[in-house]
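Please read the structure below before turning to the comments.
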Amino acid sequence: ILGNLSEVSEFRLLGFSEISHLHPLLFIVLLSLYILTLMVNTVIALIISGDNTLRSPMYFFLTQLSCLDICYLSVIIPNILENLMVGTIGISKARCATQMFFFLFFGVAECFLLAAMSLDRYVAICCPLHYTLVMNSRVCKSLVAGTYVCGTAVGLVHTITTFHLPFCGFAINHFFCEIQPLLDLLCGNTFPSEIQVIVVAVFAILCPFLLIIYSYGRIISTILQMSSAESQQKAFSTCSSHLLVVILFYGTASSMYLRPKYTYSASVDKFLSLSYSVVTPLLNPIIYSLRNEEVKRALRK
């Protein structure tokens, strides 16, 4: 009926239209979480940058993680809040493409940043005598730059290929320009696009995850070989926070993108999107601050 709408200039974000009676409550909850997340991540970043005792690579990466979480969240939440206030909202094709790019950019950059953080923990525990030599300032900055390069590459590939295809619909059953709902609007055979999403997801999610698995395999092996239980506990405490963050982030991200399209459900997708785009950025700094004595000491100061 709709025909080829590849020339459409605007999409409609349906958001949470199926639970419109809960919009006021959701607005208050999400706005509160958004403000709290911005505050917590900003405080963590400022404390680390202003405390001379927190100058190790681990805290440099943690500052980058807080900045990524702030940006990642800010790409999505304003749209959700607008949707909850006025209902279905329009978004131009250019703005939709821009939103998809930055969402992918920050998300993929965070995947690779978590892998860089696991490498840092691996060197610190498995090669402590060479730690300062291996994880010097130049290496740390290069790793962070690499995460942004990977994020840019994935964001551009997905965005350009998706928005160069013809659309046969304009109603996006989501609260932002997410990949899966947009695939539902494409004309004709979407199988090549689905394969592309999975292939890129394997690169962006699975590759850094395998690096993390390898790092923690070596870390656990090294910890088990330590002579005293006190040394084992101290070594494990230095990487337990990062491990919790990895499980939280990769658990939700992999359930979103490493699955075939026929298992896609709009309601489940929205819930998963909220969990990794709203809850994870809030929990990341809390996990690190509550489980890290140096950060807690800096907070008290």
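Placed from the backbone N, Cα and C atoms, the Cβ positions cover glycine too.
Noted in TrEMBL for the protein shown:
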{"type": "DOMAIN", "residues": "40-288", "note": "domain 'G-protein coupled receptors family 1 profile'"}
{"type": "TRANSMEM", "residues": "25-47", "note": "transmembrane segment"}
{"type": "TRANSMEM", "residues": "59-81", "note": "transmembrane segment"}
{"type": "TRANSMEM", "residues": "101-119", "note": "transmembrane segment"}
{"type": "TRANSMEM", "residues": "139-160", "note": "transmembrane segment"}
{"type": "TRANSMEM", "residues": "195-214", "note": "transmembrane segment"}
{"type": "TRANSMEM", "residues": "235-253", "note": "transmembrane segment"}
{"type": "TRANSMEM", "residues": "273-291", "note": "transmembrane segment"}
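Between the transmembrane segment (101-119) and the transmembrane segment (195-214) there are 3 or more Cβ pairs closer than 8 Å, counting only residues 6 or more apart in sequence, so the two stretches are in contact. Of the candidate ranges 139-160, 195-214, 235-253, 273-291, 273-291 contributes the most Cβ pairs within a distance under 8 Å of the transmembrane segment (59-81).
Summed and averaged per residue, pLDDT over the domain 'G-protein coupled receptors family 1 profile' (40-288) gives 85.
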